[in-house]
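Chemist: Take this structure first; my questions come after.
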Amino acid sequence: MSSQGQNTGRRPELRHDPVANRWVIFSPARAKRPTDFKSKSPQNSNPGDNSSCPFCIGNEHECAPEIFRVPSDPNWKLRVIENLYPALSRNIEGPCEEKQDMGVPARAIGGFGFHDVVIENPVHSVHLCDMEARDIGQVLLAYKKRIQQIASVESIKYVQAGIFLFILQNCISFSMLWKDRFGVCTLETMVHSFSLQSSSSCSTIKVFKNHGASAGASMSHSHSQLLALPIIPSAVSARFEGMNEYFKKTGKCSLCEVQAKELLIDESTHFISIVPFAATYPFEMWIIPRAHSSHFHEFDCDKMVELGGLLKLMLRKMSLQLNNPPFNFMIQTSPLQVKESELSYAHWFLQIVPQLSGAGGFEMGSGCYINPVFPEDAAKVLREVNLPVAG
């Protein structure tokens, strides 16, 4: 590498993330200057023909069944609907019995769960970062309300909400969750025709958002998704165990302890935004509540507009600095059914991941990621982004 930029003289470093409980390799020799990172496939902020978009106002009849809308009249601002092509099925009788002794060292259960879509606004060309903080707050409140509804289903263990990676667009007739002897969970689908399906008896609920085709978004109209699972995914278990290990060593919550000014991007009264110390991905960002909070759906409603404002700021900084990259954001919350003793170290956060690089064979084979940008450098670049003043 040429002797230019901030990476000059920096040596590779291995950092351990106590939250995800994994190691990350930082190798600046593999990168250009942090300020030179740009998306090679920026997203079109104003897609052309939207006359056939089922998410636009007036086309509600083309969508899967509606769960609720805000407000509850024809001039809605957001809608929550069932996913027309769900990854799991809410129509399977639950709880599902576990299958063993199948001739392979693995276990399986029926693919029961919920897979919903949050249509964030009625206008096709408006993205989440274009919305007012109060309207983004309404989207976050919709996540909260839907998680609370699903949490009453006893067999649901985890819920993920946000902008997620789903690139399948083929109709699924059958879903099954597999767990192999190494503890790796897989959602397997038997596919025919064109579509993707959802499920109803779950123990995990995941909120996520995909922005851009390469980040998994199959629809250009701004939306996010919520997936509720009857199992706790391996990555969630690893994160929970990592938080537990830190707590056992220090008696403190790992996210309550985040104080490094070099990692700080911005802050508000009740939240901080940082690049994590052992960021898995270049320019990865976390928004963390200052006060200890284990579950997103139990967080105060009156703080959602503030969270919406900080999320908007992070998305705008990322878009301007990184050339409007495709991205995912996920709300990393705790499993629904946790013990009282586990609440002391369980702390939710919102994770934003711009899609700037892909995983190679080493990352896939080892689970250890190589990040070419030191978090302190990424945080400094994002901190110094000057946003244009709205006219």
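One-based numbering along the chain as shown.
Any Cβ shown, glycine's included, is placed from N, Cα and C.
OK, TrEMBL features for this one:
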{"type": "ACT_SITE", "residues": "His223", "note": "active site, tele-UMP-histidine intermediate"}
{"type": "BINDING", "residues": "Cys53, Cys56, His124, His221", "note": "Zn(2+) binding site"}
{"type": "COMPBIAS", "residues": "10-19", "note": "compositional bias 'Basic and acidic residues'"}
{"type": "COMPBIAS", "residues": "40-49", "note": "compositional bias 'Polar residues'"}
{"type": "DOMAIN", "residues": "12-160", "note": "domain 'Galactose-1-phosphate uridyl transferase N-terminal'"}
{"type": "REGION", "residues": "1-49", "note": "region 'Disordered'"}
Chemist: Whole-number answer please: how many Å between the C-alpha atoms of the residue listed as 'active site, tele-UMP-histidine intermediate' and Cys56 (Zn(2+) binding site)?
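Modeler: Between the alpha carbons of the residue listed as 'active site, tele-UMP-histidine intermediate' and Cys56 (Zn(2+) binding site) there are 11 Å.
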Chemist: Other residues near the Zn(2+) site, CB within 8 A of the CB centroid of Cys53, Cys56, His124, His221?
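Modeler: Here the nearby residues are Asn50, Pro54, Phe55, Asn59, Val123, Met219, Ser220.
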Chemist: For the residue listed as 'active site, tele-UMP-histidine intermediate', list the number of other Cβ atoms lying within 10 Å of its Cβ atom.
Modeler: 23
Chemist: Within 10 Å of the Cβ of His221 (Zn(2+) binding site), how many other Cβ atoms can you find? Include all protein chains, please.
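Modeler: So the Cβ neighbour count for His221 (Zn(2+) binding site) comes to 21.
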Chemist: What same-chain residues, at least 6 away in sequence, bring their CB to under 8 Å of the CB of Cys53 (Zn(2+) binding site)?
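Modeler: Once residues fewer than 6 apart are set aside, Cys53 (Zn(2+) binding site) is near Asn59, His124, Met219, Ser220, His221.
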